[in-house]
Amino acid sequence: MASISSNNNKASTEQQDNDEQEVFYFAHQPTLEPVTSRLSHISNLTDVSTQKDEESILEDEKTTRRLSAVSDISNASTVHELEFTPEQESDSYGWFIVLAAFLSQVVGLGIIMSWGVMQDYYEQHVYGQESATVIKLSLVGTLGNFALNVFSPFVQILVSTIGIRSSVLLATILSVAGLELSSFTSEVWQLQLTQGILFGGGGSIIFYIGMSSVQQWFSHKKSGIALGISTSGSCFGGLIMPLIITPINRRFGISTCFRILGGITCILYLLSGFLFKDKTTTPSHKKASDEEAGSSSAAAAAAKDVDIKPVETTEKLSLKKTLLSPFKVIQFDVLKDVNFILWCLADIVIELSYYTPLFFLPSYATSLGLKDTKGSSLISITASCNAIGRIFAGMIADRIGHINTVIITGFLAGCSAFLIWTFAYNFVSLVFFAAIFGFFGGAFVTLGPSTTAIITGMDRFKSGYSLFLLVTMVAMFGPNLAGALEAYFTTHYNQEPYLTYKLFTGVGYILGVLVMVVLKWRIHRGRLFSKL
């Protein structure tokens, strides 16, 4: 019994120890709640990390789209046709630039074109009609045209240094001073300095600004019609100015006439200067199809977040940098382009002939016994038809090509000199010649900037056009050369008076057309009937 009791006590003691161990075990075991909390915290961290990764991926995709948009813009030439539109303004302002160029040419070139009327007055009432005197007087108009061209590279530097409107103000001062000082002259050489160099120098500034600005604003569309309207200003000036000059000369004298012309010039130049401005451009895509339009819109939307600065077409440079290094402004490498040289040669040959009828038609009419008013009216007829013809040439050029238009109109102008002026001995036939020659003869002037841009490209256009005007300045001496030839042949060969002027005009145009044909052959590799 004692043994059984001992065993029971031992079993009870073991059971108690086991219970105590079990209680101790469970008392020291970790609860499930902290573990669950930790797992939840880890899960939350994972979710946050995943969310951040997703946001990072979205940001990367957005950045990629931005960079892709910028890349599309910078490489648009390979996918789309790159256009340039003004920042914060419509392309419609370009027509105000056309108006400014038109008004400035009404007086700037209109007065130069009307020099034949002034010269006829001087021959009839002041200096006489001796050959030497006629040549000296014709040199006044020639120097005006010469200054118009020779100063063009300096004008480009001037505009780059002081800006457009300050340059126009300087042009106004020079031109008005030239006309006002002309009213006090008593010698031909004084007229050459005032009316020729001073007035022509001011005209050079505003002429370059007008023509280059129009080509800049309409470089991608409607450049022909815009240039046609702009350059027609000189023709309307040539139409209006003789009608103003002749009655004033008769009633008040030529000194008063110069002063009145100075006032008109001041008003129109200042108005033009108010309208002229640079075109600030930003690149944008031209949509080629509906499918491309969607992607282009998306790219443009993404590109809005990218800081793309507009391109300034005219950068103002310091005077010191400009004077020390004109190569920073003028790209002289265009003179190495054979096509550019051919274009300059063609223009020189044509322009040698262009001014000859304008200078000598009034005196030719009076030599036939016609009144001076009829001689003046011939210049007005030529100018009015020239204005219409320039606008027409611009419209046609946008359709068939600018170089093609120069070739066709030049050929017809040359034929008019050979076939009409050669046999014109009365007022009716002279009117017919003035109308035909005026309509076709000035197209090369209208399309000068656009043809230059075709050859040089817009990146070198301003330098190309200023150098083009400089190189072709020798053509301004066409009337003087024609006058010298006329004096030689009439003196030594008893040739019919004014026949040299007629033949000189026709030959010049035809030779210029032949050079233009060679130029087109080179550009389009023999495809003479292609659009260019």
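Any Cβ shown, glycine's included, is placed from N, Cα and C.
Taken from TrEMBL, the feature compositional bias 'Polar residues' applies to 1-15.
Per TrEMBL, region 'Disordered' is recorded for 1-22.
Residues of the same chain lying 6 or more positions beyond the ends of the transmembrane segment (93-117) and with a Cβ under 8 Å from any Cβ of it are 86, 140-141, 144-145, 148, 175, 179, 195, 199-200, 202-203, 206-207, 209-211, 213-214, 217-218, 226, 229-242, 245-246, 261, 264-265, 268-269, 271-277, 279, 358-363, 375-376, 379, 383. Annotated transmembrane segment per TrEMBL: 93-117 (among others), in sequence order.
Feature annotation from TrEMBL assigns transmembrane segment to 137-159 (among others). Sequence-distant contacts of the transmembrane segment (137-159), counting only residues of its own chain at least 6 positions beyond either end whose CB sits under 8 Å from a CB of the stretch, comprise 109, 112, 115-116, 118-119, 122-123, 127, 167, 170, 188, 191-192, 195-197, 199-201, 203-205, 207-209, 314, 322, 326, 329-330, 355, 359, 462-463, 465-467, 469-470, 472-473, 476-480, 483.
The transmembrane segment feature in TrEMBL is assigned to 166-185 (among others).
Annotated transmembrane segment per TrEMBL: 191-211 (among others), in sequence order. Within its own chain, the transmembrane segment (191-211) is flanked in space by residues 97, 100-101, 104-105, 108-109, 111-112, 115, 136-137, 139-152, 155-156, 158-159, 164, 167-168, 170-179, 181-182, 185, 227, 230-231, 258, 269, 272-273, 276, 448-449, 465-466, 469, which lie at least six positions past its ends and keep a Cβ under 8 Å from the stretch.
Annotation source TrEMBL lists transmembrane segment at 223-246 (among others).
What TrEMBL lists as transmembrane segment is 252-276 (among others).
The annotation transmembrane segment is assigned in TrEMBL to 338-355 (among others).
Positions annotated as domain 'Major facilitator superfamily (MFS) profile' by TrEMBL: 339-532.
Remote same-chain residues near the transmembrane segment (375-393) are listed as 110, 113-114, 116-117, 120, 224-225, 228-229, 231-232, 235-239, 242-243, 245-246, 357-358, 361-366, 405, 409, 430-431, 434-443, 445-447 (criterion: CB distance under 8 Å, separation of at least six residues from the stretch ends). TrEMBL lists 375-393 (among others) with the feature transmembrane segment.
What TrEMBL records for 405-424 (among others) is transmembrane segment.
Same-chain residues lying 6+ beyond the ends of the transmembrane segment (430-455) with a Cβ under 8 Å from its Cβ atoms: 211-212, 214-215, 219, 223-224, 227-228, 231-232, 234-235, 337, 339-340, 343, 347, 350-351, 354, 357, 361, 364-365, 378-379, 381-386, 388-390, 392-394, 397, 402-403, 405-406, 409-410, 412-413, 416-417, 420-421, 424, 461, 464-465, 468, 505, 509, 512, 523, 532. Residues or ranges marked as transmembrane segment by TrEMBL: 430-455 (among others).
Here TrEMBL flags 467-489 (among others) as transmembrane segment.
What TrEMBL records for 501-521 (among others) is transmembrane segment.
The stretch in closest packing with the transmembrane segment (501-521), judged by the count of Cβ pairs under 8 Å and taken from 166-185, 252-276, 405-424, 467-489, is 405-424. The average pLDDT for the domain 'Major facilitator superfamily (MFS) profile' (339-532) in the predicted structure is 90.
In this chain, the transmembrane segment (166-185) does not touch the transmembrane segment (223-246); fewer than three CB pairs sit within less than 8 A of each other, excluding pairs fewer than 6 residues apart.
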